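A.B. asks: Quick one: this structure, given as structure tokens, is what I'll be asking you about.
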Amino acid sequence: MAEFRNQTISYLTSKFREIGIRPVSKHGQNFLIDMNLLDLLVRSANIQKDDVILEIGTGTGTLSTRMAAQAGHLVTVEIDPHMATFAGEELDDFENVTLLNYDALRNKNNFRPEMIETIKEKMAEIETDHFKLAANLPYNVATPIISNLLRTDITPKSMTVTIQKELAERIVASPGTKDYSALSVWIQSQCRCELVRIMPPGVFWPAPKVHSAILQIEVEPERRAAIPDLEYFHEFNRSLFFHRRKFLRSVLQSTYKGKLDKAEVDQVMEQGGLNPSARAENFTVDEILAMCELFRQRMQEKQD
Ligand SMILES: C[S@@+](CC[C@H](N)C(=O)[O-])C[C@H]1O[C@@H](n2cnc3c(N)ncnc32)[C@H](O)[C@@H]1O
């Protein structure tokens, strides 16, 4: 097996001192210093030679080198120019790495288009349709990254990520629990999720205030394909949980305000056998998918 540089506190502090920089907390710069956990993340991602891997948050490049050694191609994105220079030196010897130095997100709802284009180009170059996200994500943008990747036209096979424990728990939450949210439903409607490992703050430098987790998200293509209109479902689901304590009838009335009158909303609810005084958080993922489909079809009938 190839020898890789270990990322220890003394290595990081001396390197940062040499360059004259400090970890920037607004960019979520907490570096994984437990190499066993870094290897667990790589193993969980099950990286193959026909995979294009997207890493958001190159940092020092420690995780990147390990992934590049196994991948067909690694596209790694880093917002901080100091970090990109640092990582660039580490990754210089790899011909299958594209290091991009910019913000991976154009805004909260969209990725930077050039990044998506680069991934598509690399997939075409190595003639594969296998694309995976594997990263120790910057915590402040982990939700839009995971959620939006399921809204692009390059569906990932899987997403293997280190994120805040709280976020991981929200993603895997079951109906009726306080963590069950639009995000849980959106991800679970098309993916199988597994909490691989909970990690204490001390496995990072500098240590964050919270616990973290490695989450493995496997996209299930048949389930994804069974959703007739992903964007419609995304918006419906978000609107359903927007006032999560409100009764379903009132939530649906405000969702369809100006599009369906109250009697029409009641009709669709009756058709689906939906209890008007239930709350979004009581419905399973499949029930929410079915509910969305009833309303989508009703809207389509109205437009025809
Ligand atoms: C948690 S660190 C991970 C570093 C490294 N991969 C590791 O495992 O130790 C997150 C990295 O993401 C970078 N970053 C933060 N926001 C970003 C964004 N919007 N786009 C790209 N990189 C970002 C930070 O500068 C930081 O280097």
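Backbone N, Cα and C define each Cβ position, glycine as well.
TrEMBL entries are annotated by machine, without manual review.
For reference, TrEMBL lists these features for the protein:
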BINDING   ASN30, LEU32, GLY57, GLU78, ASP103, ASN136  S-adenosyl-L-methionine binding site
DOMAIN    37-221  domain 'Ribosomal RNA adenine methylase transferase N-terminal'
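Walk me through the surroundings of each of these features.
C.D. replies: The Cβ neighbour count for ASN136 (S-adenosyl-L-methionine binding site), using a 10 Å radius and every protein chain shown, is 26.
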A.B. asks: Please report the number of other Cβ atoms within 10 Å of the Cβ of ASP103 (S-adenosyl-L-methionine binding site).
C.D. replies: 17
A.B. asks: May I ask you to report the DSSP-based helix, strand or coil state of GLY57 (S-adenosyl-L-methionine binding site)?
C.D. replies: coil
A.B. asks: Give the helix, strand or coil assignment DSSP yields for LEU32 (S-adenosyl-L-methionine binding site).
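C.D. replies: Going by the DSSP assignment, LEU32 (S-adenosyl-L-methionine binding site) falls within a strand, counted as strand.
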A.B. asks: How far apart, in angstrom, are the most distant Cα atoms among the S-adenosyl-L-methionine-binding residues ASN30, LEU32, GLY57, GLU78, ASP103, ASN136?
C.D. replies: 21
